[in-house]
Amino acid sequence: MGIGNGSPSDSRHVSHKEIRDETTPLLPIKEEEEGIHEFNGASFSGAVFNLSTTIVGAGIMALPASIKMLGIIPGILMIILVALLTEASIDMLVRCSHEGKITSYGWLMGETFGQWGRIALQASVVINNIGMMIVYMIIVGDVLSGTSTSGVHHRGIFEGWFGPHLWNSRPVVLLATTLFVFGPLVSFKRLDSLRYTSALSVALAVVFVVITAGIAIVRLIEGTVEIPKLFPELDGTNSIWELFTAVPVVVTAYICHYNVHSIDNELEDRTQTKPIVQTSLALCSSVYIATSFFAYLLFGEGTLADVLANFDSNLHIPFSSVFNDVVRVSYVVHIMLVFPIVFFALRLNLDGLLFPTARHISRDNRRFAIITGSLLAVIYLAAIFIPSIWDAFQFTGATAAVLIGFIFPAMIILRDPYGIATKRDKILALTMIVLAVLSNSVALYSDALNIIFHRKVEA
């Protein structure tokens, strides 16, 4: 089953321990069972790296453009505010789950809102994560094999090094990546098995920040960078509306809620969950702020929606092409290592939607292999044939992400199934819902207007 397939009705017929065993996503196994070897609990550092890797994905590359739109001071304040709201929403989930001895997000939604609550959560995670997976694979293809946009061809790393060949074409490179990188990494049944790749992934994100900061500081000393704007430049109602389009980008960059229970379940001491979340959010916020600030300082108003594309040009420093390749290679490896962490929750939730009454997917090797292989095939084909799907998931991904990260946790606290919510909790929950609905409604409206406007201009 996927993330929590238990329901209130189940608890009337099955003992609590049985529900826990059958609905928990990849529980730590304390003793050998069905051929699974002993597992004594995940470490604090391993959990921090896994949660941090869940957070820091492709969103890091879109944040500099958000800073460009909002200005440095409002942009950085927005990153900090969303981090604080994320910590609060995760705390809501964890407190309710520990009180009710609930071991998954979906199960908690099922206990609070019934079967349709669980289905809504699982469908949101599937929509959000499969969109992210396709975007990740598109980025890998763009960086390694190149891409053409508006008649301009951007050479990939392999094409730049070896020239264009069949073996480094997009379909072949992505097929090899799927079979020899993604395939082995997504075959693990516990998140803690990915702790070392997660640590490497976070380290590579830091490498990107350090290189970007170093180049920006050198250019600043040489006096060859523009002074960035501190506040947004507003020239009418349209500009104000456009500012809201930056909100979903920042919100999506912090969505990790679908893996919190899996990490919490694998801990030997579950009281560590809160400090793990706080440490991960502090680490990721530092990376986000540094990346956004130095990338915007480096590229100024030329900062693109995906800042990685800026590293396809002359940086005006010695060995510019070398630094460009190092940045792109480190980032594409980072994306490859983030992929299995996000895929983990995607597989669990899709399984929960398709087989809500079956035994846990980790105990059914055949179903595990079929769902894993099918998902990889769909993601691969989507990345090959419909790379423009990025635009579609700006809508579905942003909407699902807000539901997962803020609206669902706030609704749980307002319903308060275990009687633990304080007046402050409920005020905060209501505020989160209002902010999420308003900001995303305005952002979606503005995005729709922009797409319609561009199509009219092209016509």
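In case you wondered, yes, glycine gets a Cβ from its N, Cα and C as well.
The region 'Disordered' feature in TrEMBL is assigned to 1-25.
Residues annotated as compositional bias 'Basic and acidic residues' in TrEMBL: 10-23.
Annotation source TrEMBL lists domain 'Amino acid transporter transmembrane' at 42-415.
Under the heading transmembrane segment, TrEMBL lists 73-94 (among others).
As annotated by TrEMBL, transmembrane segment applies to 119-139 (among others).
Counting only same-chain residues 6+ beyond the ends of the transmembrane segment (171-188), those with a CB under 8 A from a CB of the stretch are 137, 140-141, 144-145, 156, 158, 194, 197, 336-337, 339-340, 343-344, 347, 372, 376, 379-380, 383-384. Residues or ranges marked as transmembrane segment in TrEMBL: 171-188 (among others).
If you look up TrEMBL, you'll see 200-221 (among others) marked as transmembrane segment. For the transmembrane segment (200-221), same-chain residues at least 6 beyond its ends with a Cβ under 8 Å from one of its own Cβ atoms are 49, 52-53, 56, 60, 283, 287, 290-291, 294-295, 297-298, 315-317, 323, 326-327, 330-331, 333-334, 337-338.
Feature annotation from TrEMBL assigns transmembrane segment to 241-260 (among others).
Residues annotated as transmembrane segment in TrEMBL: 281-299 (among others).
According to TrEMBL, the transmembrane segment annotation covers 329-348 (among others).
If you look up TrEMBL, you'll see 368-386 (among others) marked as transmembrane segment.
Residues or ranges marked as transmembrane segment in TrEMBL: 392-415 (among others).
The transmembrane segment feature in TrEMBL is assigned to 427-446 (among others). With a threshold of 8 Å between CB atoms, the same-chain residues lying at least 6 positions outside the transmembrane segment (427-446) that come near it are 85, 88-89, 92, 241-242, 244-245, 247-248, 251, 395, 398-399, 402, 406-407, 409-411, 413-414, 421.
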Of 73-94, 329-348, 368-386, whichever stretch has the most CB pairs under 8 A to the transmembrane segment (281-299): 73-94
State the residues, same chain only, that lie 6 or more residues beyond the ends of the transmembrane segment (241-260) and have a CB under 8 A from a CB inside it; answer 'none' if no residue qualifies. 3, 50-51, 54-57, 59-60, 62-63, 65-66, 69-70, 75, 78-79, 82-83, 86, 89-90, 93-94, 105, 125, 128-129, 191, 232, 273, 277, 280-281, 284, 288, 341, 344-345, 349, 394, 397-398, 401-402, 404-406, 409, 436, 439-440, 442-443, 445-447, 449-450
